[in-house]
Ligand code: RTP
Ligand code: MG
């Protein structure tokens with residue numbers, strides 16, 4: 001196992017519903033160390049760039065609208081096997097398909113508004129962390 005980093009966002013629906021504390025508790029007891037964290041709000045330009053890989057998908061406009069409608073918590077997390085283990089902790093994209101006890105099963109309502117983001121590769125974790133944080137903001 002390699003100790004590495006992943007990037008997460010607690011999305012606007014999770015923040016609106018007051019789930020920041022409960023989700024951070026799940027992340028912490030699951031063995032992730034917080035390397036960087038802040039409350040912030042993505043602009044339309046930010047969200048279009050962050051999710052550029054999905055720009056041809058039918059849900060892209062809805063996704064950008066959702067991700068920019070209120071504050072998010074952005075964080076970099078560290079753990080052995082961080083990317084894969086965090087994807088397991090958050091569960092399937094659609095909460096209806098997510099395993100019991102996963103963050104999306106517990107806190108998400110729909111495939112569109114699914115409470116939390118997790119990087120899907122080590123390369124994307126580094127890119128996404130650098131999108132939100134400078135080197136001085138990572139500890
Ligand atoms: P994420 O990137 O946010 O961690 O989510 P993911 O890998 O599980 O899913 P992905 O396929 O990358 O989709 C990105 C986000 O787009 C929204 N989505 N909506 N309406 C739909 O069919 C649909 N499909 C995806 C979700 O917010 C999803 O997390
Ligand atoms: Mg994704």
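Residue numbers in this text run from 1 along the chain shown.
Note: Cβ is positioned from N, Cα and C throughout, glycine not excepted.
Where the annotation comes from TrEMBL, it is an automatic prediction and has not been curated.
Copied over from TrEMBL:
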| type | residues | note |
| --- | --- | --- |
| ACT_SITE | 117 | active site, pros-phosphohistidine intermediate |
| BINDING | 11, 59, 87, 93, 104, 114 | ATP binding site |
| DOMAIN | 3-137 | domain 'Nucleoside diphosphate kinase-like' |
Spatial neighbours, same chain, of residue 104 (ATP binding site) - Cβ under 8 Å, 6+ residues apart: 90, 91, 92, 93, 95, 98, 114, 115, 116
Cβ packing number for residue 87 (ATP binding site), 10 Å threshold: 16
Residue 11 (ATP binding site) to residue 117 (active site, pros-phosphohistidine intermediate) - Cα separation in whole Å: 7
Alpha-carbon distance [residue 117 (active site, pros-phosphohistidine intermediate); residue 87 (ATP binding site)] in Å: 9
For the binding-site residues 93, 114, the one whose C-beta sees the most other C-beta atoms within 10 angstroms: 114
Tally of DSSP helical, extended and coil residues in the domain 'Nucleoside diphosphate kinase-like' (3-137): 65 helix, 28 strand, 42 coil
Position of peak Cβ density within 10 Å, selected from the recorded positions 11, 59, 117: 11
Listed recorded positions adjacent to ligand 1, that is, members of 59, 104, 114, 117 whose C-beta is under 6 A away: 59, 114, 117
